[in-house]
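Lifted from TrEMBL, the feature list:
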DOMAIN    15-219  domain 'Cytochrome b561'
TRANSMEM  12-35  transmembrane segment
TRANSMEM  55-74  transmembrane segment
TRANSMEM  86-107  transmembrane segment
TRANSMEM  119-144  transmembrane segment
TRANSMEM  156-178  transmembrane segment
TRANSMEM  198-220  transmembrane segment
Amino acid sequence: MAAGLGVKAAPFTYVAHALAVAAAVMVLVWCISFRGGLAFEADNKNLVFNVHPVLMLIGYIILGSEAIMIYKIFPKLNHDTTKLIHLILHTIAIVLGAIGIYCAFKYHNDSGIANLYSLHSWLGIGTIALYGIQWIFGFVAFFYPGAAPHVRRGALPWHVLFGLFVYVLTLATAELGLLEKLTFLQSTGLDKYGAEAFLVNFTGLVVVLFGAAVVVVAVAPAHAEEPEGYAPIPVN
């Protein structure tokens, strides 16, 4: 594990945030400059679809990543405060993710395109469902009403492990989404070696590197004396 290798979380939080900014800028440039902009209602239905990748990457993945890293970004912050921020960020991520999925369905329905026919869509629905289950479990066990301290200590490693599994699944779903959209665009005439194709491919690479940095942050200790994973749960 990262702790056994002497890796600390702090340097990777800096790397993750730099990559997050890069990914956010790249997806915005793609959807606004290359794809024409964003809209919830428009005659050009592609503008409705463009909201999907923006919200899924910036709202769902990046904010969800911040929720995962919050314990390592502010290791000296009061545990209850950090836990509340963790919960709020995940809540916002789920809401924005749900809106992003709604925009994809709306685009398909308004354009006469079938829904849920691709691996990307299957994984997308499955991932956000698992994300919701993880959120409910975390809320009940760690926030309200809250399990007994010894139960929370036992459940925490599983909460972290399942959370990282869902997170990696989310990243894989995003990569499939970028690949699927780019393949569609190229099949309708987009230059395979043009600026837009390179932008989408590099966005995918940045998302992979970003996800890897977040996972390292999650498993690495904030300080040398701390165990792996999230901050320990207080006894009282």
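Using N, Cα and C of the backbone, Cβ positions are placed for all residues, glycine too.
Against the transmembrane segment (86-107), the recorded stretches 55-74, 119-144, 198-220 differ in Cβ pairs under 8 Å, and the greatest number is found for 55-74. Long-range contacts of the transmembrane segment (119-144) within the same chain: residues 60, 64, 83-84, 87, 90-91, 93-94, 97-98, 101, 104, 151-152, 155-156, 159, 162-163, 166, 169-170, 172-173, 176-177, 179-180, 233, each at least 6 residues beyond the stretch ends and with a Cβ under 8 Å from a Cβ of the stretch.
In this model, the domain 'Cytochrome b561' (15-219) carries an average pLDDT of 96. If one looks beyond the transmembrane segment (55-74) by at least 6 residues along the same chain, the residues whose Cβ comes under 8 Å of a Cβ in the stretch are 9-10, 13, 16, 20, 23-24, 27-28, 82, 85-87, 89-90, 92-97, 99-101, 103, 128, 131, 163-164, 167, 170-171, 174, 177, 207, 210-211, 214, 217-218, 220, 222, 230-231.
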